[in-house]
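According to TrEMBL, the features are:
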- B:200-394: domain 'ABC transmembrane type-1' (DOMAIN)
- B:33-51: transmembrane segment (TRANSMEM)
- B:82-104: transmembrane segment (TRANSMEM)
- B:111-130: transmembrane segment (TRANSMEM)
- B:136-155: transmembrane segment (TRANSMEM)
- B:167-189: transmembrane segment (TRANSMEM)
- B:201-224: transmembrane segment (TRANSMEM)
- B:271-288: transmembrane segment (TRANSMEM)
- B:309-334: transmembrane segment (TRANSMEM)
- B:375-393: transmembrane segment (TRANSMEM)
Amino acid sequence: MVHDSGSRSFDLKAMLRDERFWKIAFQVITLLVVLLLLSFFLGNLNRNLIQQGRAFGFSFLRNPAGFSIGESLIQYRPNDPYWRALMVGLGNTLTLVVGGIVLTTVLGVVAGVASFSKNWLLQKLSRVYVGLVQNIPLLLQLFFWYFAIFGALPNPANQIGVLGLAFLNNRGVYIPWASSALLAILGIAATVGAAIAALFLWRWRTKIRIETGVGGQAQSIALAVVALAWLAIITLGMNWTVPEGVEGGGVTGGLRLSREYVASLTALVFYTSAFVAEIVRAGIQSVSKGQWEAARTLGLNAGMVMRLVVFPQALRVIIPPMNSQYMNLTKNSSLAFAIAFPEIYSIATTTYNQTGRPVEVFVVMMATYLTLCLLITVVMNQFNRSVQFKER
Amino acid sequence: MTSVTPDSLSSAPPEILALGPVAWAKKNLFSDWFNSLLTVVIVGILGWGIFRLASWALTVAQWQVIPNNFGLFMTGTFPSGLYARIWALLAVVCGLAGLSWGVLGRNVSILFSRSVLIGLGLVCAFIVLFPPTRPSSLKLLPMVALVAIAAAGGRQVGRKFPGIGKWVSLAWFLSYFVALWLIGGGLGLTPVSTNDWGGLVLTLFTAVSGIVLCFPLGLLLALGRRSALPVVRLLSTVYIELVRGVPLVAFLFMGQVMIPLFLPIGSRPDRILRAVIALALFSAAYLAENVRAGLQAVPRGQREAAMSLGLNTPTTLGLIILPQALKIAIPAIVGQFISLFQDTTLLSIVGLAELLGIGKSILANPAYLGRYAEVYLFLAVIYWFFCYAMSLASRKIEEKLNTEH
């Protein structure tokens, strides 16, 4: 450029050749196209809604819902407002998701580790499970569990008792449970609290033993105390009620898990676990072979090698994809509506059918699932940070 | 731990021990008490399960529901007088599949090796022996022959004209429109209402359409998300994250309801078209993430080298970056396609009679009340076959691409 800076004559050709111009122009064009498309769609939406006589707004959520819901965690009566019905749905979704995540993690990790078992049968079993379950659609599996397995259980008159502790019939599964909801929450809180305390104590003990080479006795005792306290709360404090079969069919006491819930949970857990098992397998495989060999040389047995050396390292590879599996499980829980489990999607569809407000219902649903997924991501990221390499 | 003796230090490679069955079982099943316990427990549970399953399948199950409704499972309520068109479509697909097999495998000597021939023989035997396919075995056997002939022909042609691969891809692309024409009619054929599209044909059609439509959109979104231009990046990111946060079933259901609302008053696309659009818009967001991972794996130097050669951004992307990124992303993309194929089952929820939807409607027939296990097991086998074949193919492609390095 040898132009003097005073005479900035407009040079179209130079501008068209300039990459900076194109960078800005491309963005402006993209933005314009997106805005045009959006205004076209939203304009149509607006016109369509006006033609149907419905202005956009959420005030309908305060109208009475007028439908009953089969199962709910919170108090709900049919003339409660729509938002309360949606809360019931959210509660049911949460029971499904939380139960699903816990069981999926356990089953998935077991199946993933099993694929490294010395036992040929167990190893093959794990591979067959993954290859079978991953390649069959979840909805089909859900129908299979609901109609073909749990639907084929005998009717309440001929129900199956399991060791006198639980009952199975085609209306659901009956398990021992605390005598009141408050006690049940207490028990769950105690379990979670004890688990967290035990985790911290265990880490503290390991740290002391690594740094000083001895000790950890105090922590071991504390660990035992925590375990005893938890056992005491669980066995004595919960006031367990055991389901009892009634003459001529039916069950009193205990907790009834509806057939819809049990089938959804089973299908979700079996399906997602197969993916988790693959993630765990890939994670374990990513730990270099030398780590196994070094640990074996130190005299650790196979179980300890896995627990102390390989698995902690594999966790770094495992946790990020686990996040997306948990999110998939959350989103897939919406399929439970296909077998009439009243989770949030099912309640939302009923709401839409009654009020004819697709846009608002969709926004509510989108916001709910996005929030759930975001929560999972936040927790998992926190967890991920704790297993990363500590570089000093 | 074996102690090192001079003998074991000899440089000969260790002998490969062929274990006898007893030694093999001792090593793999009964190496210690825990292992033995596991074996016993697993054998017990598996044996009980297999015994129960077999006794159910042989005595209780009434498999008649499958052969009686085989036509429904395959094509839904497609008018039986027009079945010839479905057969023609199958012939086109078989011919093209054979051709691509021949063209792609022309340098692979196993094209008609013994195992492949045994496989073809097994397929023929299955067609003759499996009851539901028996009535049409006179039509299915020539299809198998067609695949073999097209493969042999493709091999010869491929040797003469090495550039034939491009034309085969083009033929696949055109066959999509031929399929549309054959299923739907029009242009000289009797039209078939989309209400009569169903069964496996509809499942495959929606899956393929979804794949075809979501691919370009997903590619654009991935490039947008990796773009250096902030506006483009923001728009792509928002789209991807919003879509990935919503369950597919909500997307499909609302797609059925809301797509007409977003279009000018009075326009109402066909039900199947709406479903395919929702499916494609949904999958594109996931595909974009897979492609993005591929893009991230391409070393920075590649772009810099291309730039220094004087290529501009579009040519750098098209000629240098994308081919490498897509190659890396193939397993993930195939995984996405498998899940898209499985996701078509959700169309049964919005009232389309694809494979699972047909299953539901057959089960609603009083004559087949309670035949859930039989129908669902049959459907599971079909889905498993297609999905497993896809994942197997992707693994083969992956291996093939790996050796090229």
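Glycine is treated like the rest: Cβ placed from N, Cα and C.
Contacts between the transmembrane segment (B:167-189) and the transmembrane segment (B:33-51): absent, as fewer than 3 C-beta pairs lie under 8 angstroms at sequence separation of six or more. Three or more CB pairs closer than 8 A are found between the transmembrane segment (B:136-155) and the transmembrane segment (B:82-104), so contact between the two stretches is assigned (pairs 6 or more residues apart). Long-range Cβ contacts of the transmembrane segment (B:33-51) within its own chain (Cβ-Cβ under 8 Å, at least 6 residues beyond either end) are absent.
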